[in-house]
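Per Swiss-Prot, the features are as follows:
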type	residues	note
BINDING	ARG55, THR56, ARG106, HIS134, GLN137, LEU266, PRO267	carbamoyl phosphate binding site
BINDING	LYS85, ARG167, ARG228	L-aspartate binding site
Amino acid sequence: MANPLYKKNILSIADLSRTDLELVVQTASQLKQSPRHDLLQHKVIASCFFEASTRTRLSFETAVHRLGGSVIGFADAGNTSLAKKGETLADSVRVITSYTDAFVIRHPQEGAARLSAEFSSVPVINAGDGSNQHPTQTLLDLFSIYETQGTLDGLKLAFVGDLKYGRTVHSLAQALSLFGARFYFISPEALAMPDYICEELTEKGIEFSFHDTIEEVMPELDILYMTRVQKERFEESEYRHIAAKFVLSADELKTAKPNMKILHPLPRVDEIHTDVDDTNHAYYFQQAGNGVYARQALLALVLNEEV
């Protein structure tokens, strides 16, 4: 079968089909079990982070090195020509992509990755653009879910915390809607899942419901996906009241299925108590580690006709 991701821009999870997603997950699984060190040999990848990042940037760069490639780029846009000399993003992309085989970008502005693709001579991979999309986070989430559940089909998932501004839950809901998931949304009313996501799910015949507490749905879940309630969006007293409702402790896991796993895009603050870390349900650190394999798989597929 031809590789559908070869030379493709990866800008939004909505641009990828069920077949595309399965291919990345299967390739990530293969690379984790049987490492390859030649798939990016003689390839140079631009890693251009206009916004702070730890896990995404380091896992991308690790993925490139482990596949035999090289990385150029920056983690501090303040020292680039864009900041110092007023160069446009379009001009920067034109120049940088003339040096490289792929262009990985994180940018605070929504739509920056799609704009970059208009001026790039090589495939563009979106490593996060504002509150819009973060497709490679979704790919590592899917890989982690598949790794723990043995399937992506027909799973029951709860999303907890900031569902309004959290780009990870938007993309993951869109992706898993292709696999017949059932969703439980648990958040403050002010941070509820956006209408456009709910409308998309309804159009696809995907079941979802809204809840006030995790305990209501815990026995049903295959995956519990926690996110941080962002303190800066509330008054201090209101934040303390809201955040306290969405803190997970080990005691609350007593009714969970034995193989239920907890995921979190990290960083966590107070929303998962440290006593959860030692339970067999905690999988968020392994999830972060899977970022290397998911990004290896994506880079290998985008830059090789056959993998």
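Every residue gets a Cβ built from N, Cα and C, even glycine.
Feature map: annotations from Swiss-Prot on the structure.
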{"residue": "ARG55", "record": "carbamoyl phosphate binding site", "DSSP (3 states)": "helix"}
{"residue": "LYS85", "record": "L-aspartate binding site", "DSSP (3 states)": "helix"}
{"residue": "ARG106", "record": "carbamoyl phosphate binding site", "DSSP (3 states)": "strand"}
{"residue": "HIS134", "record": "carbamoyl phosphate binding site", "DSSP (3 states)": "coil"}
{"residue": "ARG167", "record": "L-aspartate binding site", "DSSP (3 states)": "helix"}
{"residue": "ARG228", "record": "L-aspartate binding site", "DSSP (3 states)": "coil"}
{"residue": "LEU266", "record": "carbamoyl phosphate binding site", "DSSP (3 states)": "coil"}
Rounded Cα distance in angstrom between LEU266 (carbamoyl phosphate binding site) and ARG228 (L-aspartate binding site) is 8
With neighbours defined as other CB atoms within 10 A, the best-packed of the binding-site residues HIS134, ARG167, ARG228 is HIS134
Within 10 Å of PRO267 (carbamoyl phosphate binding site) (Cα basis), scanning binding-site residues LYS85, ARG167, ARG228, I find ARG228
If we take the residues ARG55, THR56, ARG106, HIS134, GLN137, LEU266, PRO267 that the record assigns to carbamoyl phosphate, their largest CA-CA distance in Å comes out at 17
Same-chain shell around carbamoyl phosphate excluding ARG55, THR56, ARG106, HIS134, GLN137, LEU266, PRO267, C-beta within 8 angstroms of the CB centroid, reads SER53, THR54, GLY128, PRO265, GLY291
By the 10 Å Cβ-neighbour count, the most surrounded of the binding-site residues ARG55, LYS85, ARG106 is ARG106
Cα-Cα, ARG228 (L-aspartate binding site) versus THR56 (carbamoyl phosphate binding site), nearest Å, comes out at 17
Between the two most distant Cα atoms of the L-aspartate-binding residues LYS85, ARG167, ARG228, the distance in Å is 36
Sequence-ordered binding-site residues within 10 Å (Cα) of ARG167 (L-aspartate binding site), taken from ARG55, THR56, ARG106, HIS134, are HIS134
Cα of THR56 (carbamoyl phosphate binding site) to Cα of LYS85 (L-aspartate binding site), in Å and rounded, measures 27
ARG55 (carbamoyl phosphate binding site) and LYS85 (L-aspartate binding site), compared by Cα position, are separated in whole Å by 29
Here the Cα-Cα span from GLN137 (carbamoyl phosphate binding site) to LYS85 (L-aspartate binding site), rounded to a whole number of angstrom, reaches 32
ARG106 (carbamoyl phosphate binding site) and LYS85 (L-aspartate binding site), compared by Cα position, are separated in whole Å by 20
One should report the C-alpha separation between HIS134 (carbamoyl phosphate binding site) and LYS85 (L-aspartate binding site), rounded to whole angstrom, as 29
